[in-house]
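K.L.:
Below is a structure I'd like to ask you about.
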C-alpha cells in the first residue's frame with residue numbers, strides 16, 4: 001500500500017473513530033431502517049419504527065403539553081451534540097416566544113455553516129496539503145503531472161468535501177436524520193449542476209472541456225443510478241457500500257490515467273492543446289497572480305535589519321486573526337463578514353496547528369505550537385462523543401481530560417525547552433497530522449450540531465428531513481464559504497479540484513468561487529468543478545456513511561424512502577445530468593446564455609414540484 005493509501009486509510013479510521021463515538025454500536029437484532037420520509041399510521045399518529053410517537057406530533061398538542069411530550073418521547077431525544085435544541089425551544093422558551101427561538105436557531109445555523117467553511121478552508125485543507133507534501137506526493141518533478149492529479153482527487157477532494165461528507169455521515173448515524181443525508185447529497189447535486197453551471201454559462205459563455213466533462217458526467221450518472229437502485233431495493237449491503245468507495249477509487253485511477261496519457265501525447269506532439277482543455281494562464285499571469293494574490297506586501301514592510309522577536313510577540317501575532325493592512329483595503333461587506341468570522345478563527349488558531357510548506361519557516365510558531373500540544377489533544381478528547389470520554393473518571397477518581405492536560409503540559413514544556421523560535425524542529429511535520437485530526441474533530445462537532453438543529457427546525461415547521469436536506473443543508477454546503485476563489489492554475493484536462501496544491505490548496509466547487517472564476521475569464525475550469533467535485537461527495541458520503549453504521553453481526557443498512565419526495569429528488573438529478581450529457585455535445589460544447597437559462601428554469605421547476613409535494617399539494621399513489 002502506497003503512502004497515499006496509508007493516509008487515506010488513516011483519515012477514514014480517524015473519521016470512523018470520531019463517528020463511532022457519536023453514533024454508538026447498534027444492538028444485536030434486525031438492522032434498524034433508515035427512514036427517509038414520514039410514516040403515518042392509519043389512526044393518524046406518525047410512527048417511527050418502534051420509537052413511539054413521531055416527535056413532529058408535538059405541534060399538534062396544546063402548548064402546555066409541549067415540554068412533557070418532548071421529555072417523555074424517545075423519538076425526541078437528539079443523538080450526540082452539546083445542546084438539546086428541542087428542549088430549548090419547547091421547554092426553555094415560553095410558547096409566545098417561539099418566533100424568537102426560531103430566529104436564534106436560524107442565526108446559529110448560519111454560523112455553523114461559517115464554522116464549517118472556515119475550518120475546512122483555513123485549517124483542514126492546508127494541513128492535508130502539508131501531509132501530502134511530506135509524503136512526497138506532489139514535488140517529484142519527474143512524475144508531477146501524475147501525482148498532482150492523484151493529490152487533487154484524494155487530498156483536495158477530501159478537504160473540499162469534508163463539510164458535506166461529515167454532514168452526510170453524521171446524518172446517516174441516526175435513522176431519524178437519514179433523510180437529511182439523501183436530501184443533501186441529491187439536493188446539492190441538482191443545485192450545483194443546474195444553478196451553478198447555468199450561472200457560469202450566463203456570466204461568460206464558453207467552450208466546455210469535452211473529455212473531462214464527459215468523463216465526470218458518466219461517473220456521476222453511474223453513482224446516481226447506484227443510489228437509485230439502493231433506494232428502490234430499500235437496503236444497502238456491505239458489498240454495495242464498499243462498491244461506492246471502490247467506484248471512487250476507479251474514478252481516481254481513470255483521472256490519473258487520462259492525465260498521464262494526455263501529458264505523454266503532448267510531449268510527443270500528438271495532442272496539441274485544443275478547445276476541450278481547461279484554459280491555462282500564461283507565465284506572466286501566474287507571476288502576476290502569485291505576486292498580488294498574497295495581498296500582504298511583505299517585502300514593503302520587511303525591516304532593513306533582522307531582529308529577533310520575543311516569544312510573547314510571536315504568540316500574540318500568531319493568534320491575531322486580522323491582517324490590518326488587508327482590513328484597510330477591503331470593502332465594508334468584507335469587513336462585516338470578517339467580524340463574524342474572527343471569534344471562530346481565534347478559537348481555531350488556539351486549538352489547531354497549521355503547517356505551511358510554502359513558507360520558509362513552515363509556519364513554525366514556537367510558543368503557539370507548544371500550546372497546541374496541550375489544546376489539540378484536549379479538544380479531541382472533549383469533542384469525542386460530545387465530551388463523554390473526556391469527562392470519564394479513571395477508577396472513579398481522575399478524569400480523562402485531567403490526564404490529557406497533564407501529559408500535554410509536560411510535552412509542551414519539553415518541546416519549548418528543546419526548540420528555538422527561528423528554526424522548526426525536524427519533527428514539525430507531526431503538527432500537520434495533529435492539525436488534521438483536530439480540524440476533523442471540529443468539523444465533526446459542527447456537523448453534528450448542524451444535523452440536530454435542522455431536525456429541530458423540521459419538527460417545529462412540520463417538514464420532512466428530505467426537504468430540509470435538499471434546501472437548507474444543500475444550499476449551505478453549496479453556496480460558498482469553503483474556500484476563496486480558486487487560482488486559475490490547474491492540471492490540463494482535469495477538474496478544478498485537481499489543481500496543483502502548490503498554487504491553491506483550498507479550491508472548492510461552491511457557487512461564489514465558481515462564479516468568481518468565470519468572471520475572471522476561466523469559465524471552463526469553473527464548469528468542470530460543478531461535475532468533478534460532487535462525485536466525491538455522493539460516493540464517499542453515501543458509501544462511508546452507510547459503512548460506518550454496519551457491524552460484523554449486521555452487515556446491512558435498510559433504507560425506506562416512504563416519501564414521494566425522495567423519488568422526485570433522485571429523478572430530478574438524473575434528468576438534469578441526462579439533459580447536460582445530451583445537450584452539451586449537441587451544441588459542440590459551445591455553452592451560452594440559452595443553456596444557462598434552461599438549467600436555472602429547470603431548477604426552479606424542480607423546487608416548486610418538491611415543495612408542492614412536501615406540502616401534499618401533489619399526491620400520487622405509493623410507489
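One is the number of the first residue shown, and numbering goes on along the chain from there.
Cβ coordinates are placed from backbone N, Cα and C, and glycine is handled just like the others.
Just so you know, TrEMBL annotations never went through curation; they're auto-generated.
As the structure is a computational prediction, the values presented were derived from the model and not from experiment.
As listed in TrEMBL for this protein:
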type	residues	note
DOMAIN	106-256	domain 'Sodium/calcium exchanger membrane region'
DOMAIN	432-479	domain 'Sodium/calcium exchanger membrane region'
DOMAIN	509-611	domain 'Sodium/calcium exchanger membrane region'
REGION	271-297	region 'Disordered'
SIGNAL	1-20	signal peptide
TRANSMEM	97-120	transmembrane segment
TRANSMEM	141-158	transmembrane segment
TRANSMEM	178-205	transmembrane segment
TRANSMEM	217-235	transmembrane segment
TRANSMEM	241-261	transmembrane segment
TRANSMEM	332-355	transmembrane segment
TRANSMEM	398-417	transmembrane segment
TRANSMEM	429-447	transmembrane segment
TRANSMEM	525-544	transmembrane segment
TRANSMEM	564-582	transmembrane segment
TRANSMEM	594-613	transmembrane segment
K.L.:
Could you tell me how many residues in the domain 'Sodium/calcium exchanger membrane region' (432-479) are helical, how many are strand and how many are coil under DSSP?
P.N.:
45 helix, 0 strand, 3 coil
K.L.:
Among 398-417, 429-447, 525-544, 564-582, point out the range having the most Cβ pairs under 8 angstroms from the transmembrane segment (332-355).
P.N.:
429-447
K.L.:
Which residues of the chain, 6 or more past the ends of the transmembrane segment (398-417), have a CB below 8 A from one of its CBs?
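P.N.:
Non-local partners: 366-367, 369-371, 373-375, 377-378, 381-382, 389-392, 425.
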K.L.:
How does the domain 'Sodium/calcium exchanger membrane region' (509-611) divide up by DSSP, counting helix, then strand, then coil residues?
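P.N.:
So the domain 'Sodium/calcium exchanger membrane region' (509-611) is made up of 76 helix, 7 strand, 20 coil.
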